[in-house]
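I have placed the structure first, in the form of structure tokens, so that the comments after it can refer back to it.
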Amino acid sequence: MAPWPELENAQPNPGKFIEGASGPQSSIPAKDKEASKTNDNGTPVAKTELLPSYSALVLIEEHPEGTDPWDLPELQDTGIKWSERDTKGKTLCIFQGVGKFILLLGFLYLFVCSLDVLSSAFQLVGGKVAGQFFSNNSIMSNPVAGLVIGVLVTVMVQSSSTSSSIIVSMVASSLLTVRAAIPIIMGANIGTSITNTIVALMQAGDRNEFRRAFAGATVHDFFNWLSVFVLLPLEAATHYLEILTNLVLETFKFQNGEDAPDILKVITDPFTKLIIQLDKKVIQQIAMGDSAAQNKSLIKIWCKSITNVTEMNVTVPSTDNCTSPSYCWTDGIQTWTIQNVTQKENIAKCQHIFVNFSLPDLAVGIILLTVSLVVLCGCLIMIVKLLGSVLRGQVATVIKKTLNTDFPFPFAWLTGYLAILVGAGMTFIVQSSSVFTSAMTPLIGIGVISIERAYPLTLGSNIGTTTTAILAALASPGNTLRSSLQIALCHFFFNISGILLWYPIPFTRLPIRLAKGLGNISAKYRWFAVFYLIFFFFVTPLTVFGLSLAGWPVLVGVGVPIILLLLLVLCLRMLQFRCPRILPLKLRDWNFLPLWMHSLKPWDNVISLATTCFQRRCCCCCRVCCRVCCMVCGCKCCRCSKCCRDQGEEEEEKEQDIPVKASGAFDNAAMSKECQDEGKGQVEVLSMKALSNTTVF
């Protein structure tokens, strides 16, 4: 043991202490500073002086580490305890609890109904365009194009069930093969995860809540994307899903059965049908190539109609077209016969708001889209507020322990699989994975459910929605039973394969880590969440679809270099993180690139500038030009004019001008509490200088 243990880690590097420390600081503990601020000689001690080398404060004092933002918050009960209430207070508390529970159910009901109306609004806005995507059979044979078509169509109609029913109809009519339909099913699985991502945006008010909520929503996205990246090439090379589902259909003799029970629809349909009703057969007719369906409206007008079959005299080209010789005659000019003519007679109109309006589908869709988003946002805010007021103290502790605690050893590994079964069962009950994951998102945001527990619940919801599709396929007519059942089984085994890839082994649970990383970025730069939503669900699929229209050579020529570049960046990032010593000094960080290529800070400055364009005296053009120059330059010496800088940036520059030195061999690096408080900004500047932003854009 060293004779001076407090000097074991001393580094004889002169000039490390902060300039202005003119002498040794007192060894009096920081908590006694207020009582005595003199050293051993009785002279006043400067606030920036260092402790003497013989002080053991550095060995005793424990510096509190930063709290993990992913830790579930402690929901403390700040109200009056139950034991301290009188009879009147207890009665009032009971009525308040019952009232909050009723309000919670009411807002949850409106939340689910707004999701249904939102789906109808998306179908009115983009349903016909989605049907036209399916009508181009030459593009559908391309697996990559089929994948992005599935994403775009499901995003537009906000329902994987609708897109799946269109695919089943096309396969049953021999317009599409099962092999070509499998990539579309994979794309539909990705597109359905946009709903809970939109819901997570509503919690952007609080950074920590938004961090958890957005990560909990995007864990579904990353699971679907990663599964597609692995299984789509595998399916294109081996066709294992097609072969496996064929084997299942040949082994088991399936017969027509009853449809899946509509438990949630029974509750929500009476309300949503008063707002809007759609004729979803129009989208299927457009996808089947019926040109007459282009002029039809998706808004359902007549709900009751009867079919009359009457005998009528009709003209035919010749006697060969007559129904029978006895029912055929001619008047010298035309040939007549008697035929049964079927006429559809409308009896009663539907009872919804837009039944008597002559507005086009696009206008009605925009109105419903705006209203449903407002209601969705309001309901979500109220649900979060009510849950935050109810889930306090012992109630929150019990719920969090129930949801997030594992089974005792050695059965802890079974907890996640039980959560998968729970997620599948709940999704089967509500008949929609979007509803289940969207309802779970605010619970993740307020800290009731952890990301690690939300992940298996989300995987279970993927399984639950496919079991619903299988039951719906069993209720299909005889001519479409096999095709619809095979499509549903392909969807089922695709999700099972994804779970086998990304869940059983803990280190393969990449969606959790990726979602947490995206949650951290989105919490710091909240505009990035909107960018992620637009880029990955609209821009990328539309770009790939446009390249697919140009043919395979163009798609490969543009796509392969981009994929190789992304793989190169990923490999370099892994080497920087795991074993940077094997890399050249220049490649150990991203500072060799311009700042705008490896950091979101310049982009954040541009967006902040765009949102506060007219709040300062400096003209907008001057500020934009100055900021763009600094962004492109990436040099630390580059400075904008004073009028273009924020006040915070000017203060930060003043802090960065403080010279820094290292302590000598016999200088204690520990500072008193008072000195730490005074120099907190300086230490933060030092740490910011030491760390480089490795966020690759």
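Quick reminder: no glycine exception, Cβ is built from N, Cα and C everywhere.
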Exercise for the section: Consult Swiss-Prot and report which candidate among Cys303, Cys379, Cys490, Cys571 shares a disulfide bond with Cys350. Expected result: Cys303
Handout entry: Same-side membrane placement of Met170 and Trp603 in Swiss-Prot
Key = yes
Problem - Candidate annotated as N-linked glycosylation site in Swiss-Prot, where the set is Asn41, Asn308, Asn340 - result: Asn308
Exercise for the section: Write down the residue from Asn136, Asn321 that Swiss-Prot flags as N-linked glycosylation site. Expected result: Asn321
Problem - Listed as N-linked glycosylation site by Swiss-Prot, one of Asn356, Asn520 - result: Asn356
Exercise for the section: Take the C-alpha atoms of Asn356 (N-linked glycosylation site) and Cys350 (disulfide bond) and report the distance between them in angstrom, rounded. Expected result: 10
Problem - Residues that sit under 8 angstroms from Asn308 (N-linked glycosylation site) by C-beta distance, when 6+ apart in the chain - result: Thr342, Gln343, Lys344, Glu345
Exercise for the section: Answer with yes or no whether the transmembrane segment (552-572) touches the transmembrane segment (92-112) by the criterion of at least three Cβ pairs under 8 A, sequence separation 6 or more. Expected result: no
Fill in the blank from the handout: Looking only at the topological domain 'Extracellular' (548-551), mean pLDDT returns 80
Fill in the blank from the handout: Same-chain residues at least 6 beyond the ends of the transmembrane segment (487-507) with CB under 8 Å of its CB atoms are 164, 167-168, 171, 178, 181-182, 185-186, 188-189, 223-224, 226-227, 230-231, 241-242, 244-245, 248-249, 416, 420, 455-456, 459, 462-463, 466-467, 469-470, 472-473
Practice task
Between the transmembrane segment (552-572) and the stretches 137-157, 214-234, 364-384, 409-429, work out which stretch tops the count of Cβ pairs under 8 Å.
Solution key: 137-157
Completion exercise
Residues in the topological domain 'Cytoplasmic' (158-213) per DSSP class, helix first, strand next, coil last, are 42 helix, 0 strand, 14 coil
